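Contents: one structure, followed by commentary.
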Amino acid sequence: GSVALPGIIRSGSIGGPDTFNMGTMPSAQQQITTGQMHRGHMPPLSLAQQALMGTINSSMQAVQQAQADLGHVDNLPPLGHDLASRVWVQNKVDESKHEIHSQVDAITAGTASVVNLTAGEPTETDYTAVGCAITTISSNLTEMSKGVKLLAALMDDEVGSGHKLMGAARMLAGAVSDLLRSVEPAAAEPRQTVLTAAGSIGQASGDLLRHMGEGETDEKFQDTLMNLAKAVANAAAMLVLKAKNVAQVAEDTILQNRVIAAATQCALSTSQLVACTKVVSPTISSPVCQEQLVEAGKLVDRSVETCVKACRSASDDGELLKQVGTAAGVVSQALSDLLQHVRHYASCGEPIGRYDQATDTIMNVTENIFTSMGDAGEMVRQARVLAQATSDLVNAMRSDAEAEVDVDNSKKLLAAAKLLADATARMVEAAKGAAAYPENEDQQQRLREAAEGLRVATNAAAQNAIKKKLVNRLEIAAKQAAAAATQTIAAAQNAAASNKNTVSHQQLVHSCKAVADSIPLLVQGMRSSQAQPEELGPQLALIMASQSFLQPGSKMVASAKSAVPTVADQAAAMQLGQCAKNLATCLAELRTATQKAHEACGPLEIDSALKTVQTLKSELQDAKMSVIDGQLKPLPGETLEKCAQDLGSTSKAVGSSMAQLLTCAAQGNEHYTGVAARETAQALRTLAQAARGVAASTKEPQASAAMLDSAQCVMEGSAMLIHEAHQALVHPGDAESQQRLAQVAKAVSHSLNNCVNCLPGQKDVDMALRSIGEASKKLLVDFLPPCSKTFQEAQTDLNHTAAELNHSAGEVVHSSRGTSSQLAAASGKFSQDFDEFLDAGIEMAGHTQDQIQVIGNLKNISMASSKLLLAAKSLSVDPGAANAKNLLAVAARAVTESINQLITLCTQQAAGQRECDNALRELEAVRGLLDNPNEPVSELSYFDCIESVMENSKTLSESALQMLYAAKEGGGNPKASHTHDAISEAAQLMREAVDDIMVTLNEAASEGGMVGGMVESIAESMGRLDEGTPPEPEGSFVDYQTTMVKFSKAIAITAQEMMTKSVTCPEELGGLASQVTVDYGQLSHQGRLAAATAEPEEVGFQIKTRVQELGHGCIYLVQKAGALQLSPTDSFSKRELIECARAVTEKVSLVLSALQAGNKGTQACITAASAVSGIIADLDTTIMFASAGTLNPENEESFADHRESILKTAKTLVEDTKLLVAGAASSQEKLAQAAQSSAKTITQLTEVVKLGATSMGSEDPETQVVLINAVRDVAKALAELIGATKCAAGKPADDPSMYQLKGAAKVMVTNVTSLLKTVKAVEDEATRGTRALEATIECIKQELTVRTPDSCLFFLFFFFFFKSRHLKHQIISLSSFDS
């Protein structure tokens, strides 16, 4: 056959070479025609291009499916018109709008990413990244189509808004389809086709958001954005013209072509920037869209730099090069203006008020003052910054007051300015006091209180601007976290098809479901807070929703990261990994924003909870009116069984939170009472929704009304309980208030029980219980009725009714896991069978001799039957309750066993028949369990069950038993203690090996700018700071503080080094970023332990907060390091890295300040030790003067004038020593007081001893030196004691440092005693003579008891002689006389 193929003749390509004029840039002379050339003429596709084609094909199928789905809206069941129905519709509309908005954000960001990634040569294109962006677009389009269908059904369609929305969504799907076709590697479409398709997606996205009512509100910002992008394009066009001039004079053809190529690339990158701006402009509020626009700007910056270099290489014409440089500068400036405009929008968010900057500064600086307690210099420095900020705010308010036309508003502004100025003046005075007395803690406390007052005054003056700022930050964080979670769920669903690991896939599915259940509450809280900015209730609801979102969100991040390696599709795996990283970052910001907002909004939680409960009562009343009108309908997704279970499980949660509320109120703890009130209100909200669902799903209007009435009673009692709890806080210790609180709690508990009893099936169980109770009264008679049947007939009836009752018990067990109607029927049948069995048992008792024992057995069966019904009732209400299934199984077995005991007692059967019947009844009882092997029947652990199996499986072979024992010993059995050391050692070695591998991988990845793993590691370390109860600390706060200071300083040093390396050697930033990651991981681990051991709790909270804030700074620093490694010459990235490094250094100082506040006692010991060292040095100087004979008195005082002061002060020092020793084992506050007191006392003692020594005169320098040396020994011993106290602080009593402390204390007491003896020995002359005489008399008395009369006369003669003459010197000699 013919092999001829259609040919294509293009102008300029066949008829000889193109004309080319030197020094000019001719317009394109060729045109590419597609769709007519045979594929065989195209170059073969690479493996990466083939993978991209596969991604595009699967994405195209997803787009086509989405287009088909958008042909019709969702069908919703009929909805009621009560308040709850209207709220449900509004919530669903808000949730759908948020999800659609986040999905459109992802589509436009993915489109911009495709534009940026396909800008270069095909050989340089990262096709995996392109595939990831395309996967992001298609997966989000699929999810968006579902949300649009639901939203269109919910929207009021009278004006056709729903149909318009569907049409806009179809237009967007068509634009995505065009983009996918344009980027096919085999299509070779012109670049302009890609840009046009991308622009269509941006236009369609904007139309969709406008029809949805979610268009960007700041049109001025968008207009400015487009104008700035056009300014960049115009400046680039001028640069191209200047480059053309250089090309015209270039003599080297190769260099000329480089100039032309660089100028062409500059023009292309600029056109891409404009196209990217058009794409993301409708969704510019999204951080991912802002990121893509910034990335497009960096491409322009690099192309401009390349163009300038090419021009400089091609020509040395100074004037032309100057023009090129000037034009390039204009492009860079225009680009800088564009990117700065985007960054300003990203950092500021929605403007709040007139005084944003000043209030931000005041808020941050006051926090710094709070955490700098103990460092007077830092507090005073921050106070100066605070004074300047408040001064600016006061001046701005006065300026506004002068310009205000309304006189009342002007007066309000002036009054607020005066209030703020007065608070500033008080703070300045307090700062002066702290500066003058830096060691005085009272002055520091006054400064802290003044700063707190100034913050309150600022908040009031600026109309709650601080709180608004914090709440606004939380709203933004919640919005971004919800959007990131939505993206991760979409990525997980897209990756499911290629995930080869079933376990990781299931874990990811479960975590996604938990997050999907949490997103609506977060979105509702965010939307309500934005809609009602002045209301506290929505703000607290947002805070609680954010707190509840953190845990499932973190679990989903972990599941997504573990699933990434098991996803075969590289593009899907990359999408999932990127989404997980983004979600981790958003969760870290949400955690911090939640903490800050809770601090600002927390104190009014009780009032908000009370208002919430009152609103719920109104909603229930509105629902009851709908019941009366016959218009109450269940909401979509509500069924009778689901709502009944929700009500049963929530009733227990309400009871638990109310118990906590009572406890906290009785203790007078306002903070925890507020938390309990908030949790109670939240549980009551769920209870009210469940009660409404039960009422709406019940066919009988009377039963529906009864359910709503009982729920209203719960709300009334709960409102009264919260009110009484508030009153108990106002009047703590008031017995009457506590009594009222207990009475109201009892009433609420009764109302809760009534509400649960209104559930379908519960009444039937209660009727069955009453029936059993009434029937059992037959056993209370004194005499049994006469027998009406023979013994054989009675025995037959008893066996038959026993089998029926046993069978009914099994049905009760089975129905408790089924529907309420099944439980009702089974309960009725059980009560009927019990009545018949009881009659048969009484009849049988008449034929036996031991009637008392038979009646006792019947009573046991009655009790066991009642317990069975109660257990079934409890399980049906709350199937997930702890131990409920176990209790039901135990109750069923108890019924069977009690029946068997009665049968054994009463019947006469052949050998073995009775045992067989008993065994049959037992098998009948467990048959239901065997039908449901996945149902747990006990609370035994795995190994306890293994032991039970072994004990009851004696017929198994010995080898099987050995295998079980070996499994029990090894696989985590806590009882196998002899294996624990080996297992722990192996686990530790494995952990260390994994850590080493992670460090190596992080460093290797960071060399290429890939820092995602480091960011995740830092975010995980931040998250662990808030995880539950920390492990039992093995050291003291001082130990953890020392380690934290070490790692904090290491981070600061590394940050400073990164600033240097960003300019000199950017390729080394990866290793430094890895070091920051490792150091922060250690810091956060130690910070968790330090926070747990810090006193008081507020200090621990501050430490955690500061470490988390440092974590944010480290994340930004690591990210900027990665960006700079990818673009080492990018001036923007260098500037940003330097700013981030400075921020990290500042946050490190805040961590250190928080640590100092938590180590008040130890810090006081250090300060006291320093003061004592100064005292010792001063005493050394005084000894030198005394030895030289130059220590002369300044007045006529004698030593006796100072003796009492020395003794009194020394006694005080001994008491301080005791307090210091005791302080080591008590709180940091007491230790600080003891250290400060001892330092003060030793200062006083040295001063008074120096005065005493001076008063003796320089005539006796030896005595002066002896006295001063004695007090020096005391000071030295005190210094050693303070050091030992610092080391022993917080340690247990048996710690070696405690023994060292006791030894130092003994030395201290010995030296004080020595000082006192020295004081007594160096008194003034007269006193010394008298003391010597007294000593001599004492000596003579002792000698008289052992000497002869002659020797006694000899001593008496000497005594009287020396007493009468030369008393002073001679008696001194006599006192030392040797007998």
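Here the Cβ of each residue, glycine as well, is placed from N, Cα and C on the backbone.
Automatic, uncurated: that is what TrEMBL annotation is.
What TrEMBL annotates here:
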- 48-209: domain 'Talin central' (DOMAIN)
- 218-317: domain 'I/LWEQ' (DOMAIN)
- 351-466: domain 'Talin-1/2 VBS2' (DOMAIN)
- 473-597: domain 'Talin R4' (DOMAIN)
- 601-762: domain 'Talin IBS2B' (DOMAIN)
- 769-907: domain 'Talin 1-like rod-segment' (DOMAIN)
- 948-1009: domain 'Talin 1-like rod-segment' (DOMAIN)
- 1036-1160: domain 'Vinculin-binding site-containing' (DOMAIN)
- 1162-1326: domain 'Talin 1-like rod-segment' (DOMAIN)
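Contact between the domain 'I/LWEQ' (218-317) and the domain 'Vinculin-binding site-containing' (1036-1160) holds: at least three of their C-beta pairs are under 8 Å, each pair 6 or more apart in sequence. Along the domain 'Talin central' (48-209), the predicted structure has mean pLDDT 87. Between the domain 'Talin 1-like rod-segment' (1162-1326) and the listed ranges 48-209, 351-466, 473-597, 601-762, the one holding the most Cβ pairs under 8 Å is 351-466. Comparing 48-209, 473-597, 601-762, 1036-1160 for CB pairs under 8 angstroms to the domain 'Talin-1/2 VBS2' (351-466), the maximum falls on 1036-1160.
Relative to the domain 'Talin central' (48-209), the listed stretch 473-597 leads the set 473-597, 601-762, 1036-1160 in CB pairs under 8 A. For the domain 'Talin 1-like rod-segment' (769-907), the DSSP counts in helix, strand and coil order read 113 helix, 0 strand, 26 coil. Under DSSP, residues within the domain 'Talin-1/2 VBS2' (351-466) fall into helix, strand and coil as 97 helix, 0 strand, 19 coil.
DSSP labels the residues of the domain 'I/LWEQ' (218-317) in these numbers: 90 helix, 0 strand, 10 coil.
Each residue in the domain 'Talin R4' (473-597) gets a DSSP state, and the totals come to 115 helix, 2 strand, 8 coil.
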